[in-house]
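**Student:** Got these off Swiss-Prot a minute ago, pasting:
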- 4-70: domain 'J' (DOMAIN)
- 122-206: zinc finger (ZN_FING)
- 135-142: repeat 'CXXCXGXG motif' (REPEAT)
- 135, 138, 194, 197: Zn(2+) 1 binding site (BINDING)
- 151-158: repeat 'CXXCXGXG motif' (REPEAT)
- 151, 154, 178, 181: Zn(2+) 2 binding site (BINDING)
- 178-185: repeat 'CXXCXGXG motif' (REPEAT)
- 194-201: repeat 'CXXCXGXG motif' (REPEAT)
- 366-380: compositional bias 'Basic and acidic residues' (COMPBIAS)
- 394: cysteine methyl ester (MOD_RES)
């Protein structure tokens, strides 16, 4: 049981969330609250990054679960600092850290919503993007030739350094973006600024790109368009990174290259046999049936070879389709008392129990999970969902 849930709440996941669920939550929130899209949500973006940095690291997550945020700040092992939110974002989306990008423009990251059918069959989607391009009129100078001068306030560094007192005899040095040149290190007299870009050196341009989603690609996979990102003077253009975001499917769940589904069958079908149909992601219909005399138990797993997801870059090969059977039992009093002996005669015999005088006779009651006494202890006794675990294999015979 975790001590506190603040970091989990920030990412919108449960304390029992898997590493994949944590990654997916960070991806969606980081793209939504990135300063380029939400300039006023810098603090929110920072909190999202801190939560992900802790929960994505097994050791830090264990420290947090046991001691909360205070244990993280104390370091657990002596390291109280967090990484830069932008570095976490860049490393997650494949852009590298700041030092690796210093001679290139910013990468542009976009999320593309796809269905499980899209990832199964492959699809080409057109995406309209806005990007910065070098101003054609001033050729990226920002104004008339010779009008650009070094910023007198920051001396061309683009940053200002302030000394702040934080206690008696204690000061700290704070570095901020220069308010005069907005971090550019230079300025242009307003009357000399380019009319086309207003001195910004770049203009916004709409570009349509075709995104080829190949068979077998997965949720969160990145598609790179090299050099199609924002342009900046004297820098190579950055990349456009498209991140695939798979919508939930009404029937199938994907686990690696396998497809998992749940199928309800009646008790009569579980005992006497069944014949069912399954519609695949490419609109074929599969017919499945149980063998004569075979009993299907609640929760049993069966699989169909070569009906899972196509293997990326080898689409003729596929994983398996795993079916979990859920046996639906009859409602109360579905059979009259007179017919119960007939049914019992057809079923395996009951297990005989020897009752002695020192045993306590108790009465079974209907259970209500919403009762107060249950809710207080529910977290301690949470049970796993009825889902098959990884490692299920089809038998060869």
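If you go along the chain as it appears here, the first residue is 1 and each next one adds 1.
Every residue gets a Cβ built from N, Cα and C, even glycine.
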**Student:** Tally every other Cβ atom lying within 10 Å of the Cβ atom of residue 194 (Zn(2+) 1 binding site).
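**Tutor:** That number is 21.
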**Student:** Out of 138, 151, 154, 197, which of the binding-site residues has the smallest number of neighbouring Cβ atoms within 10 Å?
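**Tutor:** Each of the binding-site residues 138, 151, 154, 197 was scored; lowest Cβ tally within 10 Å is 151.
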**Student:** Quick one: which residues besides 151, 154, 178, 181 have a Cβ within 8 Å of the Zn(2+) 2 site's Cβ centroid, in sequence order?
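**Tutor:** Close Cβ neighbours, site residues excluded: 152, 153, 155, 156, 157, 158, 159, 160, 179, 180, 182, 183, 184, 185, 186, 187.
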**Student:** For the Zn(2+) 1 site given as 135, 138, 194, 197, which other residues of the same chain have their Cβ within 8 Å of the site's Cβ centre?
**Tutor:** 136, 137, 139, 140, 141, 142, 143, 193, 195, 196, 198, 199, 200, 201, 202, 203
**Student:** Mind checking which residues of the chain, 6+ beyond the ends of the repeat 'CXXCXGXG motif' (178-185), have their Cβ under 8 Å from one of its Cβ atoms?
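**Tutor:** Same-chain contacts beyond the flanks: 150-154, 156-160.
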**Student:** Six or more residues beyond either end and a Cβ under 8 Å away: which residues meet both conditions relative to the repeat 'CXXCXGXG motif' (194-201)?
**Tutor:** 134-138, 140-144, 188, 232-233
**Student:** Count the residues of the repeat 'CXXCXGXG motif' (194-201) that DSSP assigns to helix (H, G, I), to strand (E, B) and to coil, and report the three numbers in that order.
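**Tutor:** Its residues divide into 0 helix, 0 strand, 8 coil.
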**Student:** By DSSP assignment, list the helix, strand and coil residue numbers for the repeat 'CXXCXGXG motif' (178-185), in that order.
**Tutor:** 0 helix, 0 strand, 8 coil
**Student:** Summarise the repeat 'CXXCXGXG motif' (151-158) as counts of helix, strand and coil residues per DSSP.
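**Tutor:** Helix/strand/coil tally for the repeat 'CXXCXGXG motif' (151-158): 0 helix, 0 strand, 8 coil.
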**Student:** Could you tell me the C-alpha distance between residue 194 (Zn(2+) 1 binding site) and residue 178 (Zn(2+) 2 binding site) in angstrom, no decimals?
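**Tutor:** Answer for this pair: 22 Å between alpha carbons.
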**Student:** Return the residues near residue 181 (Zn(2+) 2 binding site), defined as same-chain residues 6+ apart in sequence whose C-beta is under 8 angstroms from its C-beta, sorted by sequence, else 'none'.
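**Tutor:** Those within reach of residue 181 (Zn(2+) 2 binding site), by Cβ under 8 Å and sequence separation of 6 or more, are 151, 153, 154, 158, 187.
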**Student:** Quick check for the class: what is the C-alpha distance, in angstrom and rounded, between residue 138 (Zn(2+) 1 binding site) and residue 178 (Zn(2+) 2 binding site)?
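**Tutor:** About 24 Å separate the Cα atoms of these two residues.
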